[in-house]
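Asks: Sending over a structure as structure tokens; questions will come in a sec.
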């Protein structure tokens, strides 16, 4: 670097917290892995504890938002759907403008908001959220996608704050070995947690909800 | 021209542009755009109508924001300050004159955008550009803008804050009026990206001509009823990829 250049002129001073608003939790993962079902389960389980809202990123329609509304998981004014211009991973990582608009709209509408779930459109194993958009992210894969998915890795599997392996009830039907998935996840993820769940058997998503509660608690401590 | 123009017109600038198709999604649905030739015709038509209007508004916003003591304050890495920056002095607050001038331009943009869907799309993109522009080129001129200004007005302010000229702002507006829709068409029709790049590249003289015209006295007021109608129909659809 030339001697007359100062890095502080190029980079904004880091702040302890991006904002004082709600905890933002990203829910990502491949098509059909159960992102919307998990969002619905978390809203049902946590809706009475926290002031919460959801942003959906459907690829083509407002189907996910409609699903949440139909199931009366949340009132209409707590669900916002954004269009992603044929590029769901761009909208959650490379240019998060539409999602920030939606989150800020929900924050303005509900000043006491404590928790926002941002559900990505179904994408591939390389899709992950920008930490400019979310504070923590959950990546959802399912057993029916094959027990080799954790081994294949990708940013969602390896670097997400929580990996959820859904549909464990299907393991015997599709010939998936849950021990292999558990072991491979631990190998590629190091200390980051993995939960193997079945939303069919536990519609309350008990373990995932407990993880979210812990994230809210930690954030409150950090905010003082 | 400075390198700031390249950043401002870069499709990867995270200002939300990638979620808008500039009408091309509905033009494809209606059968108007279906191959590279029909895409080129659509882009040329858009450039000389909506593009010309946004170029004029952007240039005017840069002129207003750069005048007098409100000249854009350019962040100056290192000891060497770029010409035009008020090094050592705190940036002057946005004056009420500038607030009024930009509000007037915002109204002019409203008057030139009969479609409510297009007005909403323009303000949505303006808000996105303000968000990233404030971070990229800190300046008091941003405070003179309303919360969600029309995109060309925000673009003109961004140009001023980045130390660019009105002609630069006009060029960026004209270029952006075709680059976004070209990419959208490429995605929706699975066109050969090399073909689409060539179409966009060959529009350069037409883009330059629109940018030159934008500097003449008086704001352009070209309209294209087809774009307005496409936007209104598009906004009613539940099955769209793009916000506009």
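Keep in mind that glycine also has a Cβ here, set from the backbone N, Cα and C atoms.
Heads up, here are the entries from TrEMBL:
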type	residues	note
DOMAIN	A:25-193	domain 'CobW/HypB/UreG nucleotide-binding'
BINDING	A:29, A:30, A:31, A:32, A:33, A:34, A:35, A:36	GTP binding site
Asks: When you measure from the Cβ of residue A:36 (GTP binding site), which residues in the chain that are at least 6 apart have a Cβ under 8 Å away?
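Replies: Non-local contacts for residue A:36 (GTP binding site): A:56, A:64, A:67, A:68, A:119.
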Asks: What is the set of residues, excluding A:29, A:30, A:31, A:32, A:33, A:34, A:35, A:36, whose C-beta falls within 8 angstroms of the centroid of the C-beta atoms at the GTP site?
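Replies: These residues sit around the GTP site: A:122, A:140, A:141, A:142, A:166.
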Asks: Let me know how many other Cβ atoms fall within 10 Å of the Cβ of residue A:29 (GTP binding site).
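Replies: I get 28 for this one.
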Asks: Taking only the residues in the domain 'CobW/HypB/UreG nucleotide-binding' (A:25-193), give me the average pLDDT of this model.
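Replies: It averages 92.
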Asks: List the same-chain residues at least 6 positions away in sequence whose Cβ sits under 8 Å from the Cβ of residue A:33 (GTP binding site), in sequence order, or say none.
Replies: A:122, A:140, A:141, A:142, A:145, A:166, A:167
Asks: Relative to the Cβ position of residue A:32 (GTP binding site), how many further Cβ atoms are located within 10 Å?
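Replies: If we count other Cβ atoms within 10 Å of residue A:32 (GTP binding site), we arrive at 15.
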Asks: Give the sequence-ordered list of residues that share a chain with residue A:35 (GTP binding site), lie 6 or more positions from it, and have CB atoms under 8 Å from its CB.
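Replies: Counting only residues 6 or more apart in sequence, the Cβ neighbours of residue A:35 (GTP binding site) under 8 Å are A:27, A:28, A:29, A:64, A:119, A:120, A:122, A:140.
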Asks: In three-state terms from DSSP, label residue A:36 (GTP binding site) for me.
Replies: helix
Asks: Out of A:30, A:34, which of these binding-site residues shows the lowest number of other CB atoms within 10 Å of its CB?
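Replies: Among the binding-site residues A:30, A:34, the sparsest Cβ neighbourhood within 10 Å belongs to A:30.
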Asks: Tell me which residues of the chain lie with their Cβ under 8 angstroms from that of residue A:31 (GTP binding site), as long as they are six or more apart in sequence?
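Replies: A:122, A:123 - these are the non-local Cβ neighbours of residue A:31 (GTP binding site), listed in sequence order.
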